[in-house]
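Novice: Below are the structure tokens for one structure; questions will follow.
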Amino acid sequence: MITNYIFVTGGVVSSLGKGIAAASLAAILEARSLKVTIMKLDPYINLDPGTISPKQHGEVFVTEDGAETDLDLGHYERFIRTKMTRHNNFTTGAIYSEVLQKERRGDYLGSTVQVIPHITNAIKERIVIAAQGYDVALVEIGGTVGDIESLPFLEAIRQMVTDVGRSHALYIHLTLLPYLTTAGEVKTKPTQHSVKELLSIGIQPDVLICRSDHEVPDHERSKIALFCNVEKKAVISLKDVDSIYKIPKILQSQGLDQYICDKFNLKCPKANLGQWEQVLYEECHCEGTVSIGMVGKYIELPDAYKSVIEALKHAGLKNRVKVNIQLIDAQELLTVGIEKLAGLNAILIPGGFGHRGIEGMIVAAQYARENRIPYLGICLGMQVALIEFARHVAGMEKANSTEFDPDARYPVIGLITEWQNEDGEIAVRSEKSNLGGTMRVGAQKCHLVKGSLTHQLYEKPIIIERHRHRYEVNNMILPIIEAAGLSVSGRSMDKKLVEIIELPHHPWFVACQFHPEFTSTPRDGHPLFIGFVKSALAHHQDSLK
């Protein structure tokens, strides 16, 4: 199988939405019965984003095979059916680490190790590995053209055209057309300079996707085509929209997918975007609104909870309601009080690390339990729910996690010291282990208790969900908590690790150690989130009576 490559770069400014544009294009190509994958090349020196602050970088998206990756991979999985793997995201740091290890082993036979060819060859090798078995591979280059950090990646994709042949490679450049209100027009000069910067590296873009808050007029498209040396039909206007799920239709309406198929000489049926039209129909036909409070640690940057926010929106689509998400700083619940929780139809506590804000989260979990408000706890959200229940129902005053209090009298949550990893080997950890690459991470099977709420939602006895954590429920103390009324509705396949807890006599109180948000999509939703939003709607309707 010959793989065709589409390289996506960005210019003028950052945060233009290269990931969304690439994912939307991939969705159209997939709808044409092509086998498609996407990868993200990040120019930072970290080995992976696993230890980068969510306030700086946004969420860490976890793949099925346990890779901690860029949040753009979440967009990829929400737009296409292909599951991402550790091969779909790598960084400058990972490339340099690999090359330096080879140098130490003597793999380069005494050669002087340089950016060209050693670093660029390593980049190309990884791209080819990730693209194997696919008709089309989209490669998004992180950063902005002109950044010094991106140069090795840009040089590598320049070389790849020669390696794979011009008929199997295509460059898309995403750029900004600012609109000047005083002049009443979009300005093309920044785009011209961005393309000029690319040309200086040796890359001539084949397609320009022009981002703007206004539609790009036909005469401006002609001007861009002339000065940037691209065909007019390859100048795509992509103005701001109120829903990212409209973008596949916008790109298709301008013939981008057909242009690419013609370039690659791909004979395939026209795209059937019926499923995306259904998503848009559901968005436009919401019959109500529910307010869900998300009590977190990193609310300054909503991207820190990107997949959770999207999963709530997906569940809203399936319930035909608009989900109004209120981001609540956990620490403020201690300083300002619980007034921020009043009027909510449901409460969600997402994942996180460290002790900051924990007591505020415990207050939120207690409020949801005592006021019979639907509650969904994810990862840390399950742990704080368990701590709260132990303290206030099971009589374990000052119960805590050893992450927050190593000397807790009742350590209801403790460090996982060993478990079986994806290779079947026993992984061992301690408090002194490195932070990076030392978690129980990736897809794990979970056995559900028949008759439980979770079992009713999933409608199957065994599920597979993705994890990312170091701490687990302490099985030595668990029987006391269960005797007080808490139910364990999901365990690992060896029955050693608690995965899901419920409160049977509460309208809807579910908390899980895994991250269900990573497998939610706009076309399918996710059972837990759909059930959660449905319960929020029921709570809202009851409050109106």
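A Cβ is built for glycine as well, from the same backbone N, Cα and C atoms used for every other residue.
From a predicted model like this one, the values you see are computed outputs, not experimental measurements.
Residues annotated as active site, nucleophile in Swiss-Prot: CYS379. The feature active site is assigned by Swiss-Prot to HIS515, GLU517. Residues or ranges marked as CTP binding site by Swiss-Prot: SER14, ASP147, ILE148, GLU149, LYS187, THR188, LYS189, PRO190, THR191, GLN192, LYS223. Positions annotated as UTP binding site by Swiss-Prot: SER14, LYS187, THR188, LYS189, PRO190, THR191, GLN192, LYS223. What Swiss-Prot records for SER15, LEU16, GLY17, LYS18, GLY19, ILE20, ASP72, LYS239, ASP240, VAL241 is ATP binding site. Here Swiss-Prot flags ASP72, GLU140 as Mg(2+) binding site. The L-glutamine binding site annotation in Swiss-Prot covers GLY352, LEU380, GLY381, MET382, GLN383, GLU403, ARG470. Swiss-Prot lists 291-542 with the feature domain 'Glutamine amidotransferase type-1'. Positions annotated as region 'Amidoligase domain' by Swiss-Prot: 1-266.
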Novice: Hey, which of the binding-site residues ASP72, GLU403 is the loneliest by Cβ count within 10 Å?
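Specialist: Each of the binding-site residues ASP72, GLU403 was scored by Cβ atoms within 10 Å; lowest is GLU403.
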Novice: Where the distance is taken from Cα to Cα, which of the recorded positions GLN192, GLY381, ARG470, GLU517 turns out closest to GLY19 (ATP binding site)?
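Specialist: Out of the listed candidates, the nearest Cα belongs to GLU517.
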Novice: What Cα-Cα separation, expressed in whole Å, is found between SER14 (CTP binding site) and GLY381 (L-glutamine binding site)?
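Specialist: So the alpha carbons of SER14 (CTP binding site) and GLY381 (L-glutamine binding site) sit roughly 33 Å from each other.
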Novice: Which of these recorded positions has the least crowded Cβ, counting other Cβ atoms within 10 Å: LYS187, LYS189, LYS223, HIS515?
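Specialist: Each of the recorded positions LYS187, LYS189, LYS223, HIS515 was scored by Cβ atoms within 10 Å; lowest is LYS189.
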Novice: Only counting partners 6 or more residues apart, tell me which same-chain residues put their Cβ under 8 Å from the Cβ of GLY352 (L-glutamine binding site).
Specialist: GLY296, LYS297, TYR298, CYS379, LEU380
Novice: Kindly assign LEU380 (L-glutamine binding site) to one of the three DSSP-derived states: helix, strand or coil.
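Specialist: Going by the DSSP assignment, LEU380 (L-glutamine binding site) falls within a helical segment, counted as helix.
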Novice: On the three-state reduction of DSSP, what should I expect for ILE148 (CTP binding site)?
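Specialist: Helix, per DSSP.
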Novice: For L-glutamine, what surrounds GLY352, LEU380, GLY381, MET382, GLN383, GLU403, ARG470 with a Cβ no more than 8 Å from their Cβ centroid?
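Specialist: The answer, listed by sequence position, is GLY351, PHE353, CYS379, VAL384, SER401, ILE413, HIS469, TYR471.
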